[in-house]
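These notes are about the structure you will find just below.
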Amino acid sequence: MEFIGSDIDQSYNYVIRHGFHLNEWFYNCTGIDGFALGVPRPWLGSYFLTVGVVLMAIYIPCLIVICKSDLMKSSCYKIMVWLGILDVCCIFVNSIATGFLGIQGATLCSYPVFIFSMGALGCGCWMGSCATCILLGINRCCDVNQNLKIRKIFLGWKIYPTLLVPILYTLYAIFFTKTASFNSNLMSWFFNPLLPNGRLATDYVNLQHAINNCIVSGATTLIYTYLCVILFAKSRFIKSESMTKTQRQVFFQSVLICSFNAVAAYIYVYMQYFTPAPITIIIGQIAWQWSHGSVCLIYITMNRSVRRGVLDLFLPKSFRNKHKIGTYQEKIHRLSFSVGTKGTTKGPTSSGTAVF
């Protein structure tokens, strides 16, 4: 009970219930100049801020295109949209907010409520994205091996209660676990606010976060190793156009998306139990940034349908017609029809009609 009480007292739930005031036993900023405790990091701060703005400018249009298209008929893309929402929230924290705070040389006591809010959002959405990546991996397993019993949870309306699991997990992580705070000295986010308050480092350990990272690093590795083995076996013994064209593209994108999460999780598992060098902390922060930011680059470079849709959003129709660029919905419809009828695999797969 003491452990649970400590978690609640250091959670965003406590801050909301107490009129947006932090628990002074753990986060007492009275008489402390937060900027005096930090160091301005203009170069690193500018990097995180600039990259964050660019990633947001790419990611949000990609999500709009996916939501408006026939891609949403696939349960895989329903999962990816939720993952995208979490990614956008995390990019705002680990890139834009991190850059702004780093340039200023801020620590928790510089902007207590803002930094605490960003820490809760960033940590919660990170844990939620880890759970969503595992769900995405299971979805891909069901797509390449339709004998798996668990594939039923992705069929039709069942995808929505299935998605509710990572959504509730995200909300739990945001509001009911210990929150991270920013420190410009190390240019990263820590559960220990590093305040001169006499508290022990063990008072700030977020056990749920550590367990989450251990599970996601192990589970992601196992799931995608299984997928690689299955796809390799099928590529040797089965000649299926839909398998080689559609499923492999979705699989490859899913692997890239979730491998960055696994790398970031491995680094943060290490940081939980060992004293890392400053460069390791920076690498961990960059890995966290790109575990979310890489997704939109994968969409825009590897997914022609999304790329055409983004062009349709920003280029005038007259320009697109003149240069024969875009025509997104027409091409999506034609490709969707061909995937559903060509080759030996007819009709929707376990995750709906996978459309590219």
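From the backbone N, Cα and C atoms, a Cβ is placed for every residue, glycine too.
Annotated in TrEMBL:
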TRANSMEM  47-67  transmembrane segment
TRANSMEM  79-101  transmembrane segment
TRANSMEM  113-138  transmembrane segment
TRANSMEM  159-177  transmembrane segment
TRANSMEM  210-233  transmembrane segment
TRANSMEM  254-273  transmembrane segment
TRANSMEM  279-300  transmembrane segment
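Between the transmembrane segment (254-273) and the transmembrane segment (47-67), the number of CB pairs under 8 angstroms, six or more residues apart, is fewer than three, so the stretches are not in contact. In this chain, the transmembrane segment (279-300) touches the transmembrane segment (47-67); three or more CB pairs sit within less than 8 A of each other, excluding pairs fewer than 6 residues apart. Packing against the transmembrane segment (279-300) from elsewhere in the chain are residues 44, 48, 51-52, 55, 58-59, 62, 66, 83-84, 86-88, 90-91, 94-95, 98, 126, 129, 186-189, 253, 256-257, 260-261, 263-264, 267-268, 270-271, 306-307, 310: each is 6 or more residues past its ends and has a CB under 8 Å from a CB in it.
Listed as Cβ neighbours of the transmembrane segment (113-138) (distance under 8 Å, sequence separation of 6 or more from its ends, same chain) are residues 11-12, 15, 20, 22, 27, 76, 79-80, 82-83, 86-87, 89-90, 92-94, 97, 101, 106-107, 150, 162-163, 165-167, 169-175, 177, 179-182, 189, 206, 208-209, 212-213, 215-216, 219-220, 223-224, 227, 254, 257-258, 261, 265, 288, 291-292. Sequence-distant contacts of the transmembrane segment (210-233) (same chain, at least 6 residues past either end, Cβ-Cβ under 8 Å): 127, 130-131, 133-134, 137-138, 140-141, 144-145, 173, 247-248, 251, 255, 258-259, 261-262, 265-266, 268-269, 272.
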